[in-house]
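Look at Swiss-Prot and you will find His113, His117, Asp302 tagged as Fe cation binding site. Sequence annotations record features per position, and here Swiss-Prot assigns substrate binding site to Leu135, Val136, Ser137, Gly138, Gly139, Asp169, Gly182, Asp186, Asn274 based on sequence analysis.
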Amino acid sequence: MIILAIESSCDETGVGIAELSEDGTVTLLADEVASSVDEHARFGGVVPEIASRAHLEALGPTMRRALDTAGVGRPDVVAATIGPGLAGALLVGVAAAKAYSAAWQVPFYGVNHLGGHLAADVYDHGPLPESVGLLVSGGHTHLLHVRSLGEPIIELGSTVDDAAGEAYDKVARLLGLGYPGGKVLDDLARQGDREAIVFPRGMTGPRDDPFAFSFSGLKTAVARYVESHPEASQADVAAGFQEAVADVLTRKAVRAAETLGVSTLLIAGGVAANSRLRELAEQRCAESGLTLRIPRPRLCTDNGAMIASFAAHLIAAGAPPSPLEAASDPGLPVVRSQVA
């Protein structure tokens with residue numbers, strides 16, 4: 001079965017094509033992405049209207065490249081991110097997917113963007129066993145219990161304020177590093193001393209929810225430090241901030257796996273591309289006897305391949321198609337795998 005999937009939840013226009021075999025194996029055939037990030041950079045963040053217009057302009061050419069790369073003329077299924085995300089951006093991808101579904105007379109699946117991030121790892125490491133999932137991106141930070149990708153995902157905890165990726169962008173802006181902040185702040189942090197400045201670790205007290213996160217206080221602490229120490233090394237500030245984020249994320253994720261008695265930790269989402277998060281997660285999983293799974297950096301960021309993978313797993317589990325009347329949902333919760 002050939003599955004074509006469209007991703008348009010934010011500022012990347014992605015088209016992925018995957019093949020679902022009879023034994024449940026999912027093979028990636030094409031992964032084409034067009035980004036409008038440069039158009040948003042001068043505004044210091046994603047502008048929804050610009051993102052929607054960019055999707056309209058990029059979707060056709062991106063679709064053509066994906067079909068050519070895969071050598072596919074007509075897929076058996078069309079899927080799309082139906083939420084969560086920017087309302088206008090979602091509408092572009094969902095409307096296009098429905099149109100292709102109707103034209104090709106094939107089923108349509110509207111699936112969850114967040115589940116897609118988890119499913120991306122299958123391309124690199126094969127079938128996913130029962131896992132604790134740490135999903136970290138620009139707009140989301142969740143700890144999840146993933147029994148299988150075809151079953152409902154269970155949320156263990158999430159951020160009570162800023163997402164980890166959002167904190168990265170805000171601190172990068174504070175340091176004058178521009179947008180998007182994740183990659184440039186990571187690069188700067190590698191030049192600094194992560195022990196030179198110790199920033200607070202939110203929600204790590206004995207009375208705090210062990211599976212909840214908070215990064216607002218950390219962001220404020222960095223701002224106050226920079227204001228009171230104008231001579232401080234930006235690299236040290238970046239390294240101290242990054243260490244605080246990676247420490248909390250990995251500490252809570254490992255604890256969740258140990259609490260549930262699950263032997264695999266999956267880290268996914270855009271922030272999973274961060275070098276220190278990957279390094280510290282590997283170290284702590286080795287110490288705890290856990291198997292760590294993280295997709296290659298390209299599959300951590302938004303793409304259509306991850307949506308194709310998630311749709312494939314839902315189909316393999318017997319999920320019904322979504323009606324063409326299904327509406328996109330900008331606030332779709334992680335526990336809803338699809339809109340059916």
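Residue numbers in this text run from 1 along the chain shown.
The backbone N, Cα and C atoms fix where each Cβ goes, and this holds for glycine too.
Across the structure, Gly139 (substrate binding site) and His113 (Fe cation binding site) place their CA atoms 12 angstrom apart.
The most crowded of the binding-site residues listed here (Ser137, Asn274) is Asn274, judged by how many other CB atoms sit within 10 Å of its own CB. DSSP classifies Leu135 (substrate binding site) as strand under the three-state reduction. Other residues of the same chain near the Fe cation site, with their Cβ within 8 Å of the Cβ centroid of His113, His117, Asp302, are Glu7, Ser9, Thr81, Leu114, Gly116, Ser137, Gly269, Gly270, Asn303, Met306, Ile307. For His113 (Fe cation binding site), the Cβ neighbour count at a 10 Å cut-off comes to 26, with all displayed protein chains included. Distance between Cα atoms for Asp302 (Fe cation binding site) and Asn274 (substrate binding site): 15 Å, as a whole number. All protein chains shown were included, and the count of other CB atoms within 10 Å of the CB of Gly139 (substrate binding site) stands at 20.
In space, Ser137 is the closest of the binding-site residues Ser137, Gly182, Asn274 to His117 (Fe cation binding site), judged by Cα positions.
Within the set of binding-site residues (Leu135, Gly182), the lowest number of other Cβ atoms found within 10 Å of a Cβ is recorded at Gly182.
Distance noted between the C-alpha atoms of His113 (Fe cation binding site) and Leu135 (substrate binding site) is 11 Å. Around the Cβ of His117 (Fe cation binding site), the number of neighbouring Cβ atoms within 10 Å comes to 32.
According to DSSP, His113 (Fe cation binding site) sits within a helical segment.
Asp302 (Fe cation binding site): 27 other CB atoms within 10 A of its CB, across all protein chains.
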